[in-house]
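Student: What TrEMBL lists as transmembrane segment is 12-39, 51-71, 91-112, 132-152, 181-211, 232-254, 266-286.
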Amino acid sequence: QQSNVTSFGAMAVAIITLEAFAGMWINVFLVCVLCIAWVKKKALNSNEKILLLLGCSRFCSLCLSWLYYFLSTIYTNYFHVQPTQQLLLSFRTFFNYSDLWVSACLCVFYCIKIANFRNSFFTYMKVKTDRIVPWLLLGSEIFSLVIGILHYDFAHKPQCNNSTGPGNLWKLNIKIYEQFLSLYIVTGLGFFTSFTAVISSALLLLFSLWSHKRKMQKNSMNSLSMDAHIKAMKSILSFFIMYSINFIFFIVTMINSRKRGTPEMFIVYVFLFAFPGLHSIILILSNPKLEKTLLRILLCVKCKVCVK
């Protein structure tokens, strides 16, 4: 099909493409470094497992989101051919939710590992973290898969129903509305739960930092735990700010799903495509091993450019 796109649409696609491919490169770097470490050590710790799954989810999410945006903007006729839209929407939703839930697992992991609370349940969680993390990741993927299937079912059913006569139109609209409402409730519940996990982790870690700082001031001592608290707090707060904006923009895209080509929605999509790459950069810079590897690669690239 020939494309029918305005100059604004072409510019929007170009900017989104640059953001998406930059984010893909960053997450490919993250995944490759962790996979190499996995081969060398033949094992990964809990933090590396979360980062590896997060990098894979974000790479696939960016690929499918970019393809969805590209086809819906440039090749709209081909995009609406069944089942292209349904499959893209379903897989994109699965990887988007996988990204959000694994990110929430990372925040919870930082909180459990670093925060200090004299509580039997918290102590149990700290000891059993390495066993709990795989189950948390598995649960995140299962929930994301359920949401992806629901999105496919919702996008597929209205197109399969051809009963659009005067007598059946009202019943069809009621069914679509009920499906639409139930889908939004489940989707909103998933976002709200992961968002609550991020907020709770940030607040608990902040309270632990404040409590630990008071103890150190009374004893006039410095502690390595204080540095770990501060580093984790910076990482979680930066993610919390971006996650909050991402959550708001997600709600905006759900409400204004039919206004994709407007300048206001373009700003929303610019942030949504920038979010996976920006947060992955923060995670890389907060990890000494990943940061050293990235700097080494950048220095090698700079040397080759200078030689040429």
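Yeah, the Cβs are placed from backbone N, Cα and C, and that goes for glycine too.
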Student: How about long-range neighbours of the transmembrane segment (132-152): same chain, 6 or more residues beyond its ends, C-beta under 8 Å?
Tutor: 46, 49-50, 53, 86-87, 89-91, 93-95, 97-98, 101-102, 104-105, 108-109, 125, 183, 186-187, 190
Student: Within this structure, do the transmembrane segment (266-286) and the transmembrane segment (51-71) have 3 or more Cβ pairs under 8 angstroms, counting pairs 6 or more apart in sequence?
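Tutor: Contact criterion met.
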Student: Please identify the stretch among 12-39, 232-254, 266-286 with the greatest number of Cβ pairs below 8 Å relative to the transmembrane segment (91-112).
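Tutor: Going through each listed stretch, the top one turns out to be 232-254.
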